[in-house]
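*Asks:* Below is one structure. I have some questions about it.
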Amino acid sequence: MSDSATTTESKSWLSSVDFKTLGPAIALILLCVVGFLLNSAFLSEGNITNLLTRSAFIGIIAIGATFVITAGGIDLSVGSMAAVIAGVMIIVMNSAVEIMGTGVATVLLGCGVSVILGVGAGWANGFLTTKGKIEAFIVTLGTMGIFRSLVTYFADGGTLSLDYGIRETYRPVYYEAFFGLPVPVWVFIFVSIAGWVLLNRTAFGRYCTAIGSSESVARYSAIKVDRIKTWTYVIQGLCVAMATIIYVPRLGSASSTTGVLWELEAIAAVIIGGTVLKGGYGRIGGTILGALILTTIGNILNFTDMISNYLNGTMQGLIIIIAVWLQRADWGKKSKPKS
Amino acid sequence: MKLKTSLFVAVVTGAMALASTAIAQDQIKIGVSYPTPTHAWAAGMNWHAEQAEARLEALYPDVDLILVNSPDPGAQASAIEDLVSVHQIDALVVLPFESEPLTDPVLNVKKTGALITVVDRGLSLPGIEDIYVAGNNPELGRVSAQYMKTRLKEGDNIVVLRGIPTIIDNERFDAFMAEMEGSGVNILDHKHANWNRDDGFEVMQDFLSRFPDIDAVWAQDDDIAIGVVAALKQAGRDGDGMFVVGGAGMKETIKGIMDGETLVPVDVLYPPAMIATAMDVTVAAFKSNGPVSGRYILGATLITPENAASFYFPDSPF
């Protein structure tokens, strides 16, 4: 018994490697090799730190998106939501200066507002999708437009800027490091662990997967489908709020160009990571790698002048497709008879 | 044949009657059409247009300026049709979203006999506009390069952050490169930062990782420059004599220049107020006793601590 098992293993070791899981990791490693060959400064501590910190925004949002997509939904409003939350945070903090000063209390107030808005907006998306029985695509397309125009309106078409006093207090949240890692990276790690546990080790995570595979079967299995689905949007909103909290101190401003196309980047990160777009199978680890891959592509393109600036989009598109192909291809399985 | 002619005469007479009623109202109606302010520069333009409207209408009670903004070229074409059919405008001031799709709609306005003023982006056919008012994109690149040359010597290194890949960006960039040629200053690389703070920040971070020795940055735009400055401060490389040149004339940048900021010591003007210039000139076409048709190319003035105050509008959103 054990003999035959070892022979099978040694014969097709390639097939025993789980490429479905490793695909995104291999793509990321290949990218890093390319980056290093272009310029050894790619692997410098500063650049790696920049990369990780940048990935935190899309990464955190994409972890929320993993829940929504796993449960068979979609949220197109996240970029606009981040922009409007950032805008309102700035307005609230600026107007709180006179009463509360420029200290930590004001920053905490801003963060509180962010969380409330994120959860509220997520709940609205979820409620309209489940109780309103409107397609998630349409609901979130609608809220995408609403949020985007609200931030344009609040900013009078221009840019909302954070008070310089608060900026000094708030700045460390983006720029300071804690045990060698910038604060946004810590937040990213924390959200990743929480997301992984929630999706893989709780009933809620199993319900999300079940609903994504078949909503009606889930309903017959006495799963409270509407409630679980609404929760996925609330988690998404909370993730957007967290991302916004670490985004605002970076440049201390929000405008109508903030967060443009973040929704597509988040969805791309989720799909590159192996989560199935039509629901029923989700992977938090893959999503994190997906977010890292997307940021690394942009970084590498800034590291080389070999490719015409106009073809950046082409390179990004090709690498995304290759990353997904690496993970979907049946590596080494062709030699094996189909069972 | 006879019937056709008489119909034609009737129509013409009718049109003339309508025209005379328009004159009888004794109001000069001027439509002002421009893109919806969805980014800072356009918001500044919107603000300046509103200021000019209030000022000109107070100055000339018989002038009626109608401001309309549109979110895309198609909507702008419809808005222009409405200005003709509903308001029967005597003049049109238009900042076209895109040249190609708006050429025909503006040509149709021209056929009604209205005076046409085109702002910033030209139309695809020559000779439609009576008045053309524009900033000077090549000059912006050239003036920036001339300033760089006064501060840098042979062997110094600069990096360039460009805008969104467009004709405007190419004009600025090509003129900059042409002016820098032969100066001995190395242009290490150029990347698109899309006239955006976040992209400016990320591209500059990568340039800083990649190039240990940078003496100056041409950010081309004030929004990009804000991202660049944040990246310099983060990397702790803002104190080693490096300087950044943006462009456009954002109020925060101009305030910084007035305060003697050394990291962004100057700015090159590409004023959103050009719409106000265009409205002034168009009104002058009805009110002045001198000829006003022609081309008004605004200077890409170098804004320095000495002249900054005259370009500072603290109430504008830009």
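Yeah, the Cβs are placed from backbone N, Cα and C, and that goes for glycine too.
Among the features that TrEMBL reports, transmembrane segment is placed at A:21-42, A:76-97, A:103-124, A:136-155, A:175-199, A:230-248, A:284-301, A:307-326.
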*Asks:* What else in the chain is close to the transmembrane segment (A:103-124), if you only count residues 6 or more beyond its ends and a Cβ gap under 8 Å?
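*Replies:* Distant Cβ neighbours of the transmembrane segment (A:103-124) are 77, 81, 84-85, 88-90, 92-93, 96-97, 143, 147, 166, 169-170, 173, 230, 233-242, 244-245, 248.
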*Asks:* Please give the sequence-distant neighbours of the transmembrane segment (A:21-42): residues at least 6 beyond its ends with Cβ less than 8 Å from one of its Cβ atoms.
*Replies:* 272-274, 283, 285-286, 289-290, 292-293, 296-297, 299-300, 303-304, 319, 322-324, 326-329
*Asks:* For the transmembrane segment (A:307-326), what are the same-chain contacts with Cβ under 8 Å, counting residues 6+ beyond its ends?
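*Replies:* Counting only partners 6 or more residues beyond its ends, the transmembrane segment (A:307-326) has Cβ contacts under 8 Å with 19, 23-24, 26-27, 31, 268, 271-272, 290, 293-294, 297-298, 301.
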*Asks:* Between the transmembrane segment (A:136-155) and the stretches A:76-97, A:175-199, A:284-301, work out which stretch tops the count of Cβ pairs under 8 Å.
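*Replies:* It is A:76-97, which has the most Cβ pairs under 8 Å.
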*Asks:* Excluding the flanking five residues on each side, which residues at least 6 beyond the ends of the transmembrane segment (A:76-97) place their CB within less than 8 Å of a CB in that stretch?
*Replies:* 57, 61, 64-65, 106-107, 109-111, 113-114, 117-118, 121, 125, 137, 140-141, 143-148, 150-151, 154-155, 160-163, 165-166, 170, 236-237, 240-241, 243-245, 247-248, 252-256, 258-264, 266
*Asks:* If we skip the immediate neighbours and take only residues 6+ beyond the ends of the transmembrane segment (A:230-248), which ones have a Cβ under 8 Å from one of its Cβ atoms?
*Replies:* 56-58, 60-61, 63-65, 67-68, 70-71, 73, 75, 78, 81-82, 85-86, 89-90, 110-111, 114-115, 117-123, 125-127, 129-130, 162, 170, 173-174, 183-184, 187, 191, 198, 204, 208, 254
*Asks:* Restricting to the same chain and to residues at least six past its boundaries, which positions have a Cβ under 8 Å from a Cβ of the transmembrane segment (A:175-199)?
*Replies:* 49, 52-53, 55-57, 59-60, 63-64, 66-67, 70, 205, 208-209, 235, 239, 242, 245-246, 249, 282, 284-285, 288
